[in-house]
Amino acid sequence: MARLKVGIVFGGSSEEHAVSVKSAQEVARNLDTEKYQPFFVGITKDGAWRLCDGPGQDWENGDCRPVVLSPDRSVHGLLVLEQGQYRSVRLDVVLPVLHGTLGEDGATQGLLELSGIPYVGCDVQSSALCMDKSLAYVVARSAGIATPDFWTVTGDETIDPGRLTYPVFVKPARSGSSFGVSKVCRPEDLATAVESARRYDTKVLIEAAVVGSEVGCAILGNDPDLIVGEVDRIALSHGFFRIHQEEQPENGSENSTPVVPADIPTEKRSLVQETAKAVYRALGCRGLSRVDMFLKEDGEVVLNEVNTLPGMTSYSRYPRMMAAAGLPLSEVIDRTLSLALTGKLR
């Protein structure tokens, strides 16, 4: 039986480029190459697309050829430039391993919709919705899901610091990981935090701090057939959780440790999982996502954010939560590809 041709797209021009490369390395290690034939498409930080041998740390200096993903449905794949001529490579499915702007905000998904190639993960609408935390909060609230109190600042707008109750978190509304995020405890520090967030997005989100534990839940599937991973909890020694901000995240964080399974009572774990599924459905997610939440002392679960293409590195939360539930990364990859092709969990 012929192997299915899988385009694995990684890298990208967002601030999460390096994390994407590491995620792609883990995907490459865990892909069943007896079943799938991978075509690795790396996107440089400058936005150039290259067909390469694999997502090694020095992949750009290897045997790379210029490539584009054709929006022409008759091509159904890649156009590779070789010796001054383009040749086409028909793909059966695409697995985006991209994080942040232009990777999980609906842009890449729109190109894939034009191409007609099935792809892993959320569609254009849900990708864009989840990327904009303020819009995700609006939709979640309409579905009866608790969110932090929040305000948005766009363009040259300002906000009266005296309106807020501190502490607050200031963050780019449409950015991944913890880039540009600040905890503000005094009104006089608000303007600086807003300017820091504007380095990453023209729309800034200001959230009232939620007192509680940070918890997460990995989800795999299409509604109504969903698999939920074990819940995790972020154990903090001080400060706040800054994912992917360390120079060597493989060696752990200086202030946080993910605990999987979360050391919380069974009934609270179940509530977190049910809330995560409600968020997933309300925001129209499909394929996979990681839902991050807060668990308050009174038992209320509050939405933090949704990652539609969560990290797949050796230290990432999503694969750890799924592994704790009995699904190794190789199985997760296989099931997401099956979902993209058939719409059903096998």
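Heads up, the Cβ atoms here are built off N, Cα and C, so glycines get one too.
Val170 (ATP binding site) falls within a strand when secondary structure is assigned with DSSP. If you look up Swiss-Prot, you'll see 163-216 marked as ATP binding site, on the strength of similarity to another entry.
Among the features that Swiss-Prot reports, Mg(2+) 1 binding site is placed at Asp292, Glu305. In the structure as shown, the Cβ atom of Glu305 (Mg(2+) 1 binding site) sits within 10 Å of 19 other Cβ atoms.
In three-state terms derived from DSSP, Glu305 (Mg(2+) 1 binding site) belongs to an extended strand segment. Here Swiss-Prot flags Glu305, Asn307 as Mg(2+) 2 binding site.
Swiss-Prot lists 137-338 with the feature domain 'ATP-grasp'.
Asn307 (Mg(2+) 2 binding site): 23 other CB atoms within 10 A of its CB, across all protein chains. In the structure shown, the C-beta of Arg198 has more C-beta neighbours within 10 angstroms than that of any other entry among the binding-site residues Arg163, Arg198. Cβ neighbour counts within 10 Å, taken over all protein chains shown, single out Leu205 as the most crowded of the binding-site residues Val184, Ala191, Leu205. Of all the Cβ atoms in the protein chains shown, 22 others lie within 10 Å of the Cβ of Asp292 (Mg(2+) 1 binding site). Of all Cβ atoms in the shown protein chains, 19 besides its own fall within 10 Å of the Cβ of Ser177 (ATP binding site). In sequence order, Phe294, Leu295, Lys296, Glu297, Glu300, Val302 make up the list of same-chain residues 6 or more apart from Gly212 (ATP binding site) whose Cβ falls under 8 Å from its Cβ.
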